[in-house]
Amino acid sequence: MRKILVIGDLIADYYLWGKSERLSPEAPVPILEVKKESKSLGGAANVANNLISLGAQVFLCGVVGDDLEGKHFINALKIREVDTSGVLIDKTRCTTLKTRIIVQNQQIVRVDKEIKDPLNADLRKNLLDFVAEKIQEMDGIILSDYNKGVLDFKITQTIIALANKHYKLILCDPKGKDYSKYSHASLITPNRFELEQALHLKLDGDANLLKALQILQETYHIAMPLVTLSEQGIAFLEKNELINCPTIAKEVYDVTGAGDTVIASLTLSLLESKNLKEACEFANAAAAVVVGKMGSALASLEEIALILNQTHPKILSLEKLLNILEYNKQKVVFTNGCFDILHKGHASYLQKAKALGDILIVGLNSDASIKRLKGDKRPIVGEKDRAFLLASLSCVDYIVVFEEDTPIGLIQALKPDILVKGADYLDKEVIGSEFAKETCLMAFEEGYSTSAIIEKIKRAYND
């Protein structure tokens with residue numbers, strides 16, 4: 001599980017949903033008949049919320065007011081299991097509140113309650129002390145700037161310098177026209193309008209897009225220059241060439257919070273793949289999910305997977321998995337099998353295996369491998385479907401499909417802390433045990449087997 005530190009402006013989003021069919025007798029304005037009220041985490045907290053939805057561990061740093069809204073906000077974060085030890089109380093300001101009025105799924109007005117003053121000296125010190133204390137244990141840092149007073153120039157540059165000192169990935173969602181504030185960041189995520197305003201350059205074609213991204217890299221020393229282009233997707237610079245990554249969204253209902261989704265998904269994907277094109281494709285898919293919903297919506301890994309051609313981010317090649325595990329300090333558990341017609345016995349076995357460590361990797365026999373082992377009538381379920389079903393189990397972290405008759409190549413490459421096999425190997429040699437620190441034999445739950453299910457189906461349909 002990746003640890004991400006999110007620093008920025010915390011915003012409470014409040015929604016009034018209703019219908020409007022009458023005009024007020026007091027003034028020529030519509031009357032809203034409220035049918036529903038809802039609250040959600042906004043600003044940097046929405047970035048944190050998106051990261052949680054994608055499976056990260058999140059530490060949030062920002063400021064709320066000493067008011068009821070601030071207390072509710074912190075409680076909502078704790079319910080989402082966000083670490084709030086970096087959320088500071090400012091007695092001189094209110095908690096930033098944005099109220100949106102929605103009529104027939106259309107936002108008609110937004111009312112903002114906020115104070116944008118810079119942080120006082122004590123709060124600045126406490127914020128930077130918290131960042132300095134936490135930064136070494138983080139995998140990545142996100143600065144979510146909504147220009148509400150938390151991320152001024154000095155604080156932003158201090159945090160970026162700290163991140164670079166500790167070789168941490170740091171991404172910034174920028175606000176305002178002075179991009180020197182974000183210089184030396186790993187990546188920033190301006191949209192087209194924001195970048196046009198900052199560079200005084202109309203982004204009306206590939207030539208100017210390329211020029212803008214080159215300015216970000218050469219003038220502001222942004223390692224991975226990028227711009228989000230709404231319905232046109234994302235454009236980025238790679239080896240001084242413009243690369244376009246088209247959008248995947250089919251229907252757009254509400255773009256609220258889409259930028260938060262993009263920076264959250266980019267961060268996690270970059271940490272996993274270290275490939276900007278793959279990260280942009282993943283972020284586009286995540287954005288496509290949230291703009292198809294109303295409000296500050298979230299995208300799950302399963303929803304993103306459905307958009308990415310029925311693939312799943314847990315299903316990886318051995319090369320990609322080794323890349324992810326390169327700096328891993330957690331206990332890795334490995335098991336393997338066919339998992340043809342997934343049943344309760346399989347799920348129970350995998351849950352027990354996961355309990356032995358932190359990361360559970362499943363080596364999955366390919367269709368060709370199963371045919372060689374079990375005959376031409378197997379598998380019943382194809383490898384893509386078997387892999388997707390396994391990926392849907394919360395106890396499974398990664399799946400690698402292998403073509404060989406045994407997983408010895410996988411085990412040798414992965415060198416897991418614990419190798420798990422079924423108890424039927426009690427008097428047999430466990431293949432690959434020499435490459436694992438420990439081997440554990442685990443019994444399957446009695447009364448469940450793929451063969452028994454197949455026989456039951458055959459009997460039922462022969463009657």
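Note: Cβ is positioned from N, Cα and C throughout, glycine not excepted.
So that you can see what the record holds, here are the features copied from Swiss-Prot:
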ACT_SITE  D260  active site
BINDING   N191, R192, F193, E194  ATP binding site
REGION    1-315  region 'Ribokinase'
REGION    334-463  region 'Cytidylyltransferase'
*What average pLDDT is reported by the model for the region 'Ribokinase' (1-315)?*
91
*asked:* Radius 10 Å, atoms counted are CB only; among the recorded positions E194, D260, which position scores highest?
replied: D260
*Number of other Cβ atoms within 10 Å of the Cβ of R192 (ATP binding site) across all protein chains*: 18
*Tell me, by DSSP, whether D260 (active site) is helix, strand or coil?*
helix
*So for F193 (ATP binding site), how many other CB atoms are inside 10 Å of its CB?*
10
*Take the Cβ of N191 (ATP binding site) and count every other Cβ within 10 Å, whichever protein chain it belongs to.*
18
*Around the ATP site (N191, R192, F193, E194), what further same-chain residues have their C-beta within 8 angstroms of the site's C-beta centre?*
P190, L195, E196, Q197, V227, T228
*Between the binding-site residues N191, F193, E194, which lies closest to the residue listed as 'active site', Cα to Cα?*
N191
_the region 'Cytidylyltransferase' (334-463), counted residue by residue under DSSP: helix, strand, coil_ = 54 helix, 26 strand, 50 coil
